[in-house]
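Read through the structure below, which is laid out as structure tokens, and then see the notes.
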Amino acid sequence: MASDSNMDREMILADFQACTGIDNIAEAITLLELNNWDLVAAINGVIPQENGILQSNFSSEATQTGPYGPHSQSEATAPTPSAPPPSESESESASASSSSSLPSSSSPAFCPVQPSRHIVERQSRMLNFHVEYRQRSIEVVLEEASTVGAIKTILETELQVPVSKMQLKGWKSGDVSDSTVLRSLHLPKNNSLYVLTPDIAPSASTSQSSAQQGLSNQNYLLVISHREAQRDYSLNFPASKTIQEVKRNISDLTNIPVRHQQWDGWPASASDDSMTLAVSGISYPCHHLTVCRRSSSALTVDQTDECTDVHMVSDSEGDDFEDAPEFGVDESEIFGLGSSTCRKSPMMPENSENEGDALLHFTAEFSRRYGDCHPVFYIGTLEAASQEAFYGKARDRKLLAIYLHNDESVLSNVFCSQMMCADSIVSYLSQNFITWAWDVSKEANKARLLTMCTRHFGSVVAQTIRLYKTDQFPLLLIVMGKRTSNEVLNVIQGNTTVDELMMRLMGAMEIFTAQQQEDIKDEDEREARELVKREQDEAYRLSLEADRKKREAQEREEAEQVRQDRIKKEQEEEREAIRLSLEQALPPEPKEEGEEPISKLRIRTPSGEFLERRFLGSCKLQVLFDFVASKGYPSDEFKLLTTFPRRNITQLDPAWNLLEAKLFPQETLFLEAKE
């Protein structure tokens, strides 16, 4: 039976791959397991019944732009494998129009799973400041919680310039005070500043260097003509860029490796590729250059020179060395190096078990390739990034920006260096987005990403990502959290400009801000209702507590009354028993006429009644006391007194007889309660 079940699953797997075109077995098995190996459900989950890519939420756009061109909103369809590829000019242009429209919220409802137990928390953000003063450069590293005055204090030690005579310039927000906290300025990680000291006269050499420094803060427009393609590129470069970096960017655009490029237009002073544009001698603000691929004969002559220059070639050019065999010579023979030393290291390791470790590697490699000025990538799982962006307080929520990198795309280097590392983009993403990144260069990593997207955003988003071609990468997905599901607002392709990228980010923020205001209002109303309910519950609890205390006090009083009644009853029963015992122990009353002398006593009680009885003259006083006690007047509570003269009989010796006590032949006594 087990073998039959395995055969059935193999057939289901084969049918699923044939229907969906998913070649990766691991991804296919994951999607089938999500649907309990239901073939129809799995196919419907991957290939939607309505072939429409997700609709845009931008109400101001009348049409949508698909991966291969504009289309109307009603006719928007997902890109298919048979769709015509983009033209060469479209794939090469760094300033081409932006990519496809926003995927809509037609994906299934987001089903949150338990958050991972280990989420790598961000460290405290550090800011780097490159400070120029005359002919000196100082590097300052501070936490963003520090103030501007802290920078000046460090510079005072380094420059020997008093803080009072120091003016720190270069802030994008204008002049700031010494007490300004750096976090409030929303600065990128790397910043350039300069110090002015108008009260301190500069030397002659310093005056000359300041003119060059002024140029280093400018931007150059390079108009570069590609001869073979008969195409012009208008590229903006900061003056701090080196000639080598310009050539690398052109290599990404034209597919001509740096070592194969032949240039016209560089001035004679630009003799070293490590020189910056500011000191290269090119025309400001615009300079014209021409580039083409060097001929094979020229390459053969220059092979020896290229061997010596191999260490100057950037990591981004490593893959270009693969075309060395076209000359009939292996690259290891040309450069004296194995191919592994010429290739760039991957942005993310393949089949990494821990997503946090993979993203740490991605961040380190991104910084190594493109510099430290880049968005702060979230270190953790996609689920953890979604939790931080979407599931906090409404005022603290942010958009989620998912950057998908692909080293096989010619647009990746330009997009990363020109877009993702632009100060304006870095600052805007840091303030308003949680940025998460992934590398899809390897099929295993891409399959893992598609599985995560299917789990968190639905199969439509995963299918849309799957259908993007390599030359359309990198992609930047803008995701907004909603009550029932997570919605992808925009998919930005690599062939865009900084201005268009900023406009798309700002457009997504407008939609997010409107939704956030509604969420804040709902949250405030809900909290107000909960506050009223808590106050009512507290008042009710206090009322119940007061009633409980009152009831307990009443019960205690009743219990005390019952106890007192019981004690009183027991005392009365005890006294009655004593009285009866004394009454039975009394000697019989003698007759009036007898041989022995008789004493007749008349006793007045406190209530006014009289007790009369005859006693023998020889009778002890104790018998008299017992008689009175048997009538309810014990001697420990009452005293027996004579009228005249007033005597307290109870103080006499009980062993005396009546004759000795002078209570003969008759006497009137009265009872009085003891005090």
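In case you wondered, yes, glycine gets a Cβ from its N, Cα and C as well.
Automated prediction, rather than curation, is the source of TrEMBL annotations.
Features of the protein shown, as given by TrEMBL:
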- 92-109: compositional bias 'Low complexity' (COMPBIAS)
- 594-671: domain 'UBX' (DOMAIN)
- 60-112: region 'Disordered' (REGION)
- 545-570: region 'Disordered' (REGION)
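As a summary of secondary structure, the domain 'UBX' (594-671) carries 13 helix, 28 strand, 37 coil according to DSSP. Mean pLDDT of the predicted structure over the domain 'UBX' (594-671): 90. Helix, strand and coil content of the region 'Disordered' (545-570), in residues and according to DSSP, is 26 helix, 0 strand, 0 coil.
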